[in-house]
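Enquirer: Supplied in structure tokens, the structure appears directly below.
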Amino acid sequence: MPIFAFLSLLKRDTKPVFDEDLNYRLNSSYAAYFFIAVGITIFGYNFWGKPIQCLPKPSWHYSWTQYATDICFIEGMYFVPLNVSIPAENGYKDLKKISFYQWTPFVLTLLGIMFTFPRSLWSFVKWSSNFCMIVILFEGKKTKNSPLRTKYFVKFSTEHMYEMILRKTYGNFIQRVWSRIFGLTCSYIFFKILNIVCVLIGLVVLSTIVVDGDSKISFGFETIYEVTFGNGWKNTGIFLRVTVCRFEVRELGLFGTTVLAPKVIQCALFSNYYIEKIYIIGWYGLFLLLWINIINLAKFIHQLVPKMRKKYLNNLMKHNENANGLFVQFLGSDGYLAIRSLVANAGSYIAGKTISHLFDKFSKIEQKCLKKII
């Protein structure tokens, strides 16, 4: 069935990967799962539950009541404040028609899918970059669980990273251009910026489409205040509970003619109660996630400063070795990011061994160059 195929695809796109951290999971897994789950839940409630209940006239038969409930759900309803009389037949033109609840499950599900997009893009970059991060992290994860493989992995990762750094720096034109376009550092920063953009889009969509209150695009600060601390739906018209529905039915008139008879009925929109709670949780969650993403991006950019990279590498290296500025420059920001990912997956000991071997290879080349100069 399509639903099972969709869930299988979602599971594949949100399953744990080797270089994910808490910020990674908050965006690509937790936020995605939340919006998709609530979207599917509201969809089921709208179409198989009882999203609205209408108050029929005493003379109506049950089938009439059921028909009125269905047609009101499909065609939409109007907001008439409880202290205002129901308008005349032509008075509905000036009232706002409420029908956003029909689209809410689809919008929320699409939001969840949107949050998986940056993850897919970053996975492509890891696969296509010169460092081939997926191979290093996969082998590093296995080595962490099997200490006997440490010597083999350190040799493998050292040779692999050394070759990739040389190819990026001294390779042919195509190799240098490819490493520039799909460089790890630039792509990782873009990945984090894309997470921030997705959160901003989520706030706008929640506050503009799901609320269906403002025609202007906004981030929902006024709306969330009204919903959380305001006067409630009776005065604001946001997430209505009680609505007025007007529809027409064909009735038999004089001499066998057919006339359209207007019917007015009051309905309780139960689904809005749940949508309002989802909106509150989703808005505050996205607002918090926005600041987490901004702080995480600023922290990562700060870590890319050469001084901070040198300090981090020196803390990893053993035997009192100290990385000089030339080695930090040789390793580059991509190599530094690869080492940090290796620490997260294989541990500080294995990553420290790798960076020490890389430094030894670099020192030998540096000494040879100095002898030639002398």
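The backbone N, Cα and C atoms fix where each Cβ goes, and this holds for glycine too.
For 30-48, 100-118, 189-211, 278-301, the entry in TrEMBL reads transmembrane segment.
I would like each feature placed in context: is it buried or exposed, what are its neighbours, and how far apart are things?
Expert: With a threshold of 8 Å between CB atoms, the same-chain residues lying at least 6 positions outside the transmembrane segment (100-118) that come near it are 10, 13-14, 27-28, 31-43, 46, 51, 73-74, 76, 191, 194-195, 198, 201-202, 205-206, 209-212, 269, 271-272, 275, 278, 282.
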Enquirer: Excluding the flanking five residues on each side, which residues at least 6 beyond the ends of the transmembrane segment (30-48) place their CB within less than 8 Å of a CB in that stretch?
Expert: 10, 14, 73, 101-102, 104-113, 115-116, 199, 202, 271, 274-275, 278, 282, 285-286, 289
